[in-house]
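Just below is one structure, and these are the notes that go with it.
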Amino acid sequence: MLAEYLGNHLLYPFYLVRIVGMAGVWQSLVLVSFCGACTFLTGISLSAIATNGAMKGGGPYYLIGRALGPEVGVSIGLCFFLGNAVAGSMYVLGAVETFLDAVPSAGLFQKSVTVVNNTLVNGTETAGTSTISTPSLHDLQVYGVIVTILLCFIVFGGVKIINKVAPAFLIPVLFSLLCIYLGVFIAPRHNAPKGITGLSITTFKDNWGSEYQRTNNAGVPDPSGSIYWDFNALVGLFFPAVTGIMAGSNRSASLKDTQRSIPIGTLSATLTTTAMYLFSVLLFGALATREELLTDRLLTATVAWPTPAVIYIGIILSTLGAALQSLTGAPRLLAAIANDDILPVLNYFKVSEGSEPHAATLFTAFICICCVVIGNLDLITPTITMFFLLCYAGVNLSCFLLDLLDAPSWRPRWKFHHWSLSLIGALLCVVIMFLISWSFTVVSLALASLIYYYVSIKGKAGDWGDGFKSAYFQLALRSLRSLGANQVHPKNWYPIPLIFCRPWGKLPENVPCHPKLADFANCMKKKGRGMSIFVSIIDGDYHELAEDAKTACRQLDAYIDYKRCEGVAEIIVAPTMSDGFRSIVQTMGLGNLKPNIIVMRYPEIWRRENLTQIPSTFVSIINDCIIANKAVVIVKGLDEWPNEYQRQYGTIDLYWIVRDGGLMLLLSQLLLTKESFESCKIQVFCISEEDTDAEELKADVKKFLYDLRMQAEVIVVTMKSWESHMESSSTVAQQDDSHEAYTSAQQRIRTYLDEMKETAQRERHPLMENGRQVVVNEQKVDKFLYTMLKLNSTILRYSRMAAVVLVSLPPPPLNHPSYFYMEYMDLLVENVPRMLIVRGYTRDVVTFFT
């Protein structure tokens with residue numbers, strides 16, 4: 001790995017000469033240290049992630065994808081693939097340019113002659129001209145394409161051949177470096193240019209400061225050149241020198257022990273080359289004048305001992321080897337992304353295990369050749385830098401997220417890391433990106449974002465247990481703990497309805513929930529925010545029906561997704577529906593995320609289907625909700641409830657009889673936010689007795705609604721009390737639609753009561769129902785019937801054409817038979833097509849205050 005890393009970057013002492021000439025010694029030291037710190041911190045993060053478990057092929061893509069999820073992994077992985085492919089063209093151009101500098105006669109086209117402005121910085125400035133030759137752009141293109149094609153033939157030979165050849169590059173690299181440093185220490189030699197002063201403190205002081213200037217496209221100083229070099233541009237030129245830290249992870253599938261080789265190889269290579277670059281900056285700054293640093297394109301070859309030819313050969317071999325590694329690693333990275341089967345568009349690049357990625361190699365070669373045709377290293381290197389920096393930022397963020405979450409599965413063998421180091425490394429990557437070029441940064445981020453968006457839409461789900469899912473889990477836990485179990489403030493209150501899917505009412509076995517219940521659940525959410533819990537109860541023994549419950553839960557969950565209703569499905573197995581609901585109301589939810597509203601349909605069919613068990617179950621459920629302090633919403637006329645495409649007109653009428661914490665008012669406002677009810681208006685009916693000041697009550701209610709920012713028409717309806725009725729008349733003298741229902745209910749109650757008394761006398765025990773004693777006060781029964789009659793008559797008089805009616809739910813009278821309560825409720829809802837019967841909280845769900 002160290003051989004590969006050094007082999008990639010013998011070309012960069014050549015770049016350091018130009019950097020020292022432009023930026024001066026001290027800014028060059030800052031630049032090298034800055035870039036080295038970024039890659040060193042990234043290497044620490046890479047070591048931590050790579051030692052957290054077995055690592056497959058794919059290199060940084062595999063690490064980032066498994067840590068941040070498939071969307072982030074694929075977007076950064078494809079950018080890193082492009083960076084590697086483009087880097088191959090950079091190395092090819094570097095090798096060709098070095099060859100043409102060494103052998104000018106090999107050029108096929110005329111050499112370009114450039115007039116250079118000579119600048120001397122010894123306290124004075126002198127202008128002059130000289131003529132130097134540079135390789136032709138067309139020669140770079142022709143030779144570059146030929147070399148790329150030849151390298152592709154080698155790559156097609158297989159990775160085993162390349163792995164055997166790669167270490168051989170270490171010997172010429174080390175020997176070339178040794179020749180450079182020997183030449184620096186013995187300079188100036190015989191026939192050396194005048195600008196090479198040898199190691200001199202005076203030269204060092206003269207080169208200490210910066211002198212940025214313009215160059216032409218070939219990198220030759222030219223006052224009229226199109227490229228102006230400053231510190232930011234030099235960062236973009238130099239940073240590819242430190243991008244080899246992924247050399248080991250790119251070949252993770254070929255390493256014998258990734259958890260040992262990657263940390264040792266990566267960090268030792270990073271420290272070695274950074275120290276070498278810093279030392280080279282000091283040597284070059286004391287070796288030659290600034291003019292020589294800027295005009296001698298291969299000063300390292302000029303000063304090398306014993307002959308420049310050694311350096312030319314070393315640079316050519318090392319850059320060709322680096323290009324070979326890029327053309328080897330990039331196709332395997334693309335094949336690894338394709339093999340994960342996230343993006344169907346990449347299926348063409350899939351390979352079977354042990355096969356060579358020929359299709360991916362051809363595609364990589366095509367990209368490389370396109371960049372070679374550009375023929376300008378200074379334009380290519382910023383592009384490479386952006387893609388590599390994106391990858392490094394992804395590695396740092398992956399380690400930061402995993403280390404910060406500290407999940408049980410996060411146990412890396414590499415202990416010398418901390419989330420703060422990863423965060424600093426990620427920030428350094430971002431800073432360097434914007435230092436180099438904000439436009440390139442925006443383009444690269446936009447490209448990564450487009451890929452991310454495309455993968456999130458078209459890609460297949462990959463359940464990799466990524467860090468984001470762990471982060472969501474930790475965030476949910478912390479949020480839940482912060483909510484506590486205390487009372488929620490009205491400003492933070494959200495309805496969390498528990499939808500009772502299949503109570504009373506015959507549905508086909510393959511229908512897990514009444515179709516309109518999901519529509520109603522969506523009506524209780526503002527802009528889709530909130531959560532619903534869909535619950536169904538299976539009667540029977542849990543041990544026998546556990547598998548049936550799991551199947552039913554999957555069906556219900558699929559139905560919820562189909563109805564686009566945010567919620568979760570739960571199936572309970574219990575001996576009876578009452579027992580199941582009692583378990584649900586006590587245990588469902590966690591902390592303040594427990595359901596706060598029970599939603600169910602009204603059992604309209606109980607008399608028609610002769611379902612005699614419904615009254616006791618219905619009353620039991622309501623009593624359980626009252627004891628558990630849960631709000632209740634019972635939907636009458638559920639079959640006629642509108643879906644999102646059925647627009648309603650008219651009014652939403654509220655019969656506000658008892659204080660319910662504002663739940664009824666809140667429900668009406670939530671209905672108005674839906675398209676189906678947005679054309680409706682709200683009417684609030686206040687029921688008062690005859691001796692109440694109606695105008696004062698109306699004014700108070702209007703003021704209350706105004707403070708709550710709710711627009712509604714207020715109507716006060718007076719109703720004769722039961723006591724007044726008894727004083728004025730002994731019978732119900734009313735001839736309307738409710739009267740017949742009233743007399744029928746009264747007759748059925750008397751018949752049921754007579755049967756109960758007869759049974760009690762025969763069995764010689766008090767009046768009993770479901771194992772509990774009941775007390776029947778016939779006068780109170782008549783009072784309840786009368787109250788329901790009057791309320792129903794009022795609703796029919798004022799709200800017969802309303803889109804929906806909301807009315808307060810009367811609690812079941814203590815010790816009354818369940819059958820009686822069903823008769824009361826039937827009388828209340830008689831002839832009303834669509835009604836919500838609401839019981840609110842003992843606490844407020846709306847507030848006056850900001």
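Positions of Cβ are set from backbone N, Cα and C atoms, glycine also.
Per TrEMBL, the feature domain 'Amino acid permease/ SLC12A' maps to 19-473.
Marked as domain 'SLC12A transporter C-terminal' by TrEMBL: 515-636 (among others). The domain 'SLC12A transporter C-terminal' (515-636): residue composition by secondary structure is 58 helix, 27 strand, 37 coil, according to DSSP.
The feature domain 'SLC12A transporter C-terminal' is assigned by TrEMBL to 647-849 (among others).
What TrEMBL lists as transmembrane segment is 25-51 (among others). The list of residues near the transmembrane segment (25-51) in space but at least 6 beyond its ends in sequence, with Cβ under 8 angstroms from a Cβ of it, reads 16, 19, 60, 63, 67, 204, 207-210, 231, 234-235, 238-239, 241-243, 245-246, 249, 252, 258-259, 262-263, 266-267, 270-271, 274, 277-278, 281-282, 285, 392, 395-396, 398-400, 402-403, 412-414, 416-417, 421-422, 424-425, 428-429, 432.
As annotated by TrEMBL, transmembrane segment applies to 72-93 (among others).
Beyond its flanks by at least six residues, the transmembrane segment (140-159) meets 88-89, 92-93, 95-97, 99-100, 108, 254, 320, 323-324, 327-328, 331-332, 356, 358, 361-362, 365, 368-369, 372-373, 375 of its own chain at Cβ-Cβ distances under 8 Å. As annotated by TrEMBL, transmembrane segment applies to 140-159 (among others).
Annotated transmembrane segment per TrEMBL: 166-187 (among others), in sequence order.
Residues or ranges marked as transmembrane segment in TrEMBL: 227-248 (among others).
Sequence-remote contacts of a segment are chain residues at least 6 beyond its ends whose Cβ falls under 8 Å from one of its Cβ atoms, and for the transmembrane segment (269-289) they are 1-2, 5-6, 9, 12-13, 16-17, 19-20, 24-25, 28-29, 32-33, 36, 39-40, 43, 120, 177, 181, 184, 187, 195-201, 203-204, 206-208, 241-242, 244-245, 247, 296, 299, 303. Marked as transmembrane segment by TrEMBL: 269-289 (among others).
If you look up TrEMBL, you'll see 309-327 (among others) marked as transmembrane segment.
Same-chain residues lying 6 or more positions outside the transmembrane segment (359-377) and placing a CB less than 8 Å from one of its CB atoms are 81-82, 84-86, 88-90, 92-94, 97, 137, 140-141, 144-145, 148-149, 152, 155-156, 217, 219, 326-327, 330-332, 334-335, 338, 348-349, 351. TrEMBL lists 359-377 (among others) with the feature transmembrane segment.
Marked as transmembrane segment by TrEMBL: 383-405 (among others). Sequence-distant contacts of the transmembrane segment (383-405) (same chain, at least 6 residues past either end, Cβ-Cβ under 8 Å): 38-39, 41-42, 44-46, 48-49, 52, 60, 63-64, 67-68, 72, 76, 79-80, 82-83, 86-87, 90, 236, 239-240, 243, 245-246, 417-419, 422-423, 425-426, 429-430, 432-433, 436-437, 440-441, 443-445, 448, 467-468, 470-471, 474.
Under the heading transmembrane segment, TrEMBL lists 426-455 (among others). Nonlocal intrachain contacts for the transmembrane segment (426-455), taken as residues 6+ away from its ends with a CB within less than 8 angstroms of a stretch CB, comprise 34-35, 37-38, 41-42, 70-72, 74-76, 78-79, 231-233, 235-236, 239, 342-343, 382-383, 385-387, 389-390, 392-393, 396-397, 400.
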